[in-house]
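**Student:** As listed in Swiss-Prot for this protein:
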- 1-22: signal peptide (SIGNAL)
- Cys52-Cys67: disulfide bond (DISULFID)
- Cys59-Cys70: disulfide bond (DISULFID)
- Cys66-Cys80: disulfide bond (DISULFID)
Amino acid sequence: MKLTCALIVAMLLLTACQLITTDDFRGRQQYRTARSRTKMQNYKIFRLTKRCDAPNAPCEKFDNDCCDACMLREKQQPICAV
């Protein structure tokens, strides 16, 4: 009997907490998945339009921002390939 009463009180408390928090966030969570999907698409577009170094710009072997590839040259600094 005590366990049943404790469960009922706990359920009422949790229900009250949910109702209180939904009143606080009314209008803020609307279309949450659509907004996150739009943000993800914008991020993908941003990644696809990343600026790259011009051809013949100096680069590093492992860390470069070349549009195509970093061309290694003997006894000279590597440059971005055309």
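Cβ atoms are placed via backbone N, Cα and C, with glycine included.
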**Student:** Could you check the disulfide-bonded residues Cys52, Cys66, Cys70, Cys80 and say which one's CB has the fewest neighbouring CB atoms inside 10 Å?
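**Tutor:** With the disulfide-bonded residues Cys52, Cys66, Cys70, Cys80, fewest surrounding Cβ atoms within 10 Å: Cys52.
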**Student:** Cys59, Cys67: which of these disulfide-bonded residues has the sparsest Cβ neighbourhood within 10 Å?
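**Tutor:** Each of the disulfide-bonded residues Cys59, Cys67 was scored; lowest Cβ tally within 10 Å is Cys67.
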**Student:** Quick check for you: of the disulfide-bonded residues Cys52, Cys66, Cys67, Cys80, which have their Cα within 10 Å of the Cα of Cys59 (disulfide bond)?
**Tutor:** Cys66, Cys80
**Student:** At the level of the C-alpha atoms, what whole-angstrom distance separates Cys52 (disulfide bond) and Cys66 (disulfide bond)?
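**Tutor:** With distance taken Cα to Cα, Cys66 (disulfide bond) is 5 Å from Cys52 (disulfide bond).
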